[in-house]
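Engineer: When I checked TrEMBL for this same protein, it listed these features:
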- D32, D125: Mg(2+) binding site (BINDING)
- D34, R63, R78, R86, K102: substrate binding site (BINDING)
Amino acid sequence: MSNVGASLATCYGPVSTQVMAKAEKIKLLILDVDGVLSDGSIYMGNNGEELKAFNVRDGYGIRCALTSNIEVAIITGRKAKLMEDRCETLGITHLYQGQSDKLLAYRELLTKLSLVPEQVAYVGDDLIDWPVMAEIGLSVAVADAHPLLIPRADYVTRTAGGRGAVREVCDLLLLAQGKLDEAKGQSI
């Protein structure tokens, strides 16, 4: 983990200057869903309907990132109609569901948005996320990520998945880019 050496004081505690330098270059934030945007729980209704809880602070952070010209994408291994609805509500236009190989979707996004790996951050919670995290500019694991993922990440959030971890990452990206104070979101 690169959280060693010089650090910058933030509202989330000290963050290494190396992480902040990487965050300054980010133009695309990619998020996993289960365990990152949600706490990993899946609620099943009697009719087979799938339900998940999302944190409005994460939604606010995503809106702030989007209005500050940071693209946001979702790459998830599962497929659920509720994710289409959530992305529409948040204004996320890059949604890749049912991805057993997340690298394919990631590489498609790079080409589509004309970006290089150093301009991408990825937030994950499990080993399926590592192949993408190993190729990008800033890899982030949520606080309650799989124990083998945490030491590999550039940054580990102080907050757990589904509990504001995405907001933390959005805030750090915006802080590193000098946009946090003027960022405008919406609690959704």
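Cβ atoms here come from the backbone N, Cα and C positions, even for glycine.
All annotation found in TrEMBL is predicted automatically rather than curated by experts.
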Engineer: Given the binding-site residues R63, R78, R86, K102, which one has the fewest other C-beta atoms within 10 angstroms of its C-beta?
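Structural biologist: Each of the binding-site residues R63, R78, R86, K102 was scored; lowest Cβ tally within 10 Å is R78.
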Engineer: Taking 10 A as the limit, how many CB atoms besides its own sit near the CB of D34 (substrate binding site)?
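Structural biologist: That number is 20.
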Engineer: Return only the integer: C-alpha distance in Å from R63 (substrate binding site) to D32 (Mg(2+) binding site).
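Structural biologist: R63 (substrate binding site) to D32 (Mg(2+) binding site), Cα-Cα distance: 17 Å.
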Engineer: For R78 (substrate binding site) and D125 (Mg(2+) binding site), determine the Cα separation and express it in whole Å.
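Structural biologist: About 14 Å separate the Cα atoms of these two residues.
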Engineer: Can you tell which of the binding-site residues D34, R86, K102 lies nearest to D125 (Mg(2+) binding site) in space, using Cα positions?
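Structural biologist: Of the binding-site residues D34, R86, K102, D34 has its Cα closest to that of D125 (Mg(2+) binding site).
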Engineer: May I ask for the distance between K102 (substrate binding site) and D32 (Mg(2+) binding site), taken between their Cα atoms and rounded to an integer number of Å?
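Structural biologist: Rounded to a whole number, the Cα-Cα distance is 10 Å.
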Engineer: List the same-chain residues at least 6 positions away in sequence whose Cβ sits under 8 Å from the Cβ of D32 (Mg(2+) binding site), in sequence order, or say none.
Structural biologist: I74, I75, T76, Y122, V123, G124, D125, D126, D129
Engineer: DSSP secondary structure for D32 (Mg(2+) binding site), reduced to helix/strand/coil, please.
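Structural biologist: SS state of D32 (Mg(2+) binding site) = coil.
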